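Everything below concerns the one structure shown next.
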Amino acid sequence: MVADAIKKVSAKVKGVSIQEYYIQYDRERLEIGDNEQSNACLLGVVCAALFQGVSVLLDLTWIDSTYISNAAEQFGIPYFHVDLSIQTYVKLMESFLLARAGNDVVYMLPNLEDVDATIYLLMSDSYLRAIVFGELDEGTVARIKDLRPYPSFYAVVAGTMQMNAILHKAIDGGLVRKPEKWNLLFTDFQTDKYAHIDTFPEMHRLLLDSNTCCTLLQHLPPCICSDSFNPMSVHLENVLEAVVGWSVEGSIPLVRALNCTPELDQEHFGRVITAREELMNQMALMAQFWIAQESSLIRPNLNLSIISSPTNQSIGSVVQGQIVLVKNETLPASKRFFRVGTTESIPWAYRKRDSAGKILRNPTTGEPIWEGYCIDFLHQLSVVMNFDYDLVSPRNGTFGLRDADGRWDGLVGDLVVGEIDFAIASLKMTAEREEVVDFVAPYFEQTGILIAMRKPVRETSLFKFMTVLRLEVWLSILLAIVATAVMLWSLDKFSPYSAKNNKDAYPYECRNFTLKESFWFALTSFTPQGGGEAPKALSGRTLVAAYWLFVVLMLATFTANLAAFLTVERMQTPVQSLEQLSRQSRIKYTVVKDSDTHDYFRNMKNAEDVLYQMWRNLTLSSGNDQAQYRVWDYPIKEQYINILSAIESAEPVATAADGFQRVNEHLDADFAFIHDSAEIRYEISRNCNFTEVGEVFAEQPYGIAVQQGSHLQDELSYFILELQKERYFESLTAKFWNNSARSQCPNTDDSEGITLESLGGVFIATLVGLALAMITLLGEVIYYRRKENNRNFIKVAPFASVDKPTERHDRRFALKEKSIAAVKHLLDLDTPPVKARGGPMKISTKKEKPIPKEITIGSKFVSAAEKQQKLSYIAIMPRNPIH
């Protein structure tokens, strides 16, 4: 093919001689070893042609071009990678399958060389999960039939005669059960010889469009394509023509190297690389080439017509990997079909029943109607993965147990023999099951084993807040209040520096700490308002500081304990853990017979037995080298031996429903049920009487199980992760574990707030205080009225009326005289006041006794006090009333 292409190009380009050096790619030499060895081998092969000179290196392989491009780069030779393999057809088929929402496909190819090229493409540049077969025979057909799950699509890429042979073997082998899943791509123009057009019209066919000849031959349409037309040969001629013309125009020199030693001119090499990139950009714009943006591979531009009906009418085309449909035409997305296994386990999957317990069935199919977490999850998977399914229950067993011969029953057994494609249920991922099946990414949070008991009835009290502190503490607080009040009264009475005994330092009115006032101070110090004005003496303040520290600590202690009692009150369960449960004998407990929980305790008991025998043999050994292991006490607790014995004595129940019923029947909370934590929490969310005890132990994840080696594992894992990013599982969990039924339960604890029963005593005490206040108010009113009735009032005339004529025998005049005489006596005046001309009245006093500072005399009021500027004992204002 290369020789023919060079001859045709040489005839078109005059004055240019083309010399060919054909290098056979030796995969065994170049692909075995590390990268440096492979690159060195290839350099040695290239060097053989460098003695006579090389202008362009043309790569016609379908493998990774890194080694070849590196060799060309070291010698400064322009490098071009051309695809002449089946990879271009496979890439176009993949674009068509992706447009049909395909995820996996089974490729059938005519020969092993095409199989290798296709596998390499799928490994390096593909978005589909694919299985590739070549040269169909009985063994290959049987392997395709046994594939689980059923493939989304089957794709055949071949010439017309080879296509007839492949389909003939597939039909005889019973592979063509759903023709709409088959997609055929013809690599030649002999499609009129296709033999099965009437047998299976549902098969989609991709045919080389007649315009492909015009495009590759660079002719104007219409063009006539002969049966022997080879698109790849014409594509090679187009590439050679473009590269040779570019070499002549750009004067690309010959590169020679002696002794395989590259001698590069960096400036020249840079110009060559720039010119090559310009040529690649020009070729990408030419109609006969297909060069993807992310790739430098030169592919032929093959236009394919899409035929999906026996009328041979095109509904669209595939152009450079893009699907172009005719108006109003669509590509049907073929749905896959799976057999999905499940088994009953509330709330994961269970058959819907009526009020009488009868299983409800679908009126159309007659199959039971399933509900639950896994059923909703499966429906969502069928939407995002676009498949149909049937739910299948195992004929024997439930989840899967292995018998003495190593055979499995239940869901695991059905997966092993291929009865189902995958299993979705509350199936735990265990090491034994992973020996025979594969698990995908977990879809639920870690689950484990938990203990369920009946919730005990908690006693309530109106005066619960009084139980925060014991009686002796309350009495001690009362004694501290009394002692502080008495001490405060004594210190204020006898201290020479108190406000009561030191009038000169405190001339203004201060708090008088009588015995009553001291008690009031001690009581109000316990309130946020505080006790009020503190004593003035240092001894009293020292007492108050110590008392305030006592008050702060007592209030903090009371507040913290009150919060613990009223808002985070812990339920007083008889046991708090599995270890405590195993150490007592009053509370009985059980599990579901032959369940995962039952197996867990059996295995733990067996492990303890084996460890005990090993310890005994080790410690009783007479050898000197084991002397360090001789101990008298067994270092491992025999906990699970006692637990399994107690379980067997209490008789394991048949189902989880029986276990919850037995717990509910024991009103004294003396029975426990050990079961799966997720199911226990589901039951607790719907039953007010149940509560969980302790922490979850023996945690394991739930997972979807598939057959070993099934390519469905990757797809399911991918979509599970996508659903996790969309927070789908959070909403699904909230649907089944939403505690909606518990909202109707009576509020027996304070976990959601403080109840009135807990703080009723506070309200009662407040009401008693209000009643006492009203009684006190009534007594105060009565006492005040009686006092007012016995009181006599005497009116005193002001000084302003002295100048008015009044009879000397009038009572008002007598009062004035008495007032003036009192003032004179206070001032100890010698002489009567003298009135100055146009000025105020002057008063002369004795020099031996000056006017006290507490008295102000003048026309303008001036405070006489020195320490308190706002207080004065007496002030005399001439000719103004005394107020």
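Heads up, the Cβ atoms here are built off N, Cα and C, so glycines get one too.
These figures come from a predicted structure and were not determined experimentally.
The domain 'Ionotropic glutamate receptor C-terminal' annotation in TrEMBL covers 337-739. Feature annotation from TrEMBL assigns site 'Interaction with the cone snail toxin Con-ikot-ikot' to R402, R602. Residues or ranges marked as L-glutamate binding site by TrEMBL: R433, T597, D676. Residues or ranges marked as transmembrane segment by TrEMBL: 473-491, 545-568, 759-784. Per TrEMBL, the feature disulfide bond maps to C688-C745.
Where TrEMBL records a feature, it is marked here on the structure.
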{"residue": "R402", "record": "site 'Interaction with the cone snail toxin Con-ikot-ikot'", "contacts (Cβ under 8 Å, 6+ apart)": "W408, E432"}
{"residue": "R433", "record": "L-glutamate binding site", "contacts (Cβ under 8 Å, 6+ apart)": "G400, V412, L427, F439, A705"}
{"residue": "T597", "record": "L-glutamate binding site", "contacts (Cβ under 8 Å, 6+ apart)": "I449, V591, I674, H675, D676"}
{"residue": "R602", "record": "site 'Interaction with the cone snail toxin Con-ikot-ikot'", "contacts (Cβ under 8 Å, 6+ apart)": "L644"}
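Within 8 Å of the centroid defined by the CB atoms of R433, T597, D676, the record's L-glutamate site, lie the Cβ atoms of F399, S426, K428, T430, S595, D596, D599, Y600, Q700, excluding the listed residues themselves. Of all Cβ atoms in the protein chains displayed, 25 besides its own lie within 10 Å of the Cβ of D676 (L-glutamate binding site). In this record, L-glutamate is bound by R433, T597, D676; the longest C-alpha to C-alpha distance in that set is 18 Å.
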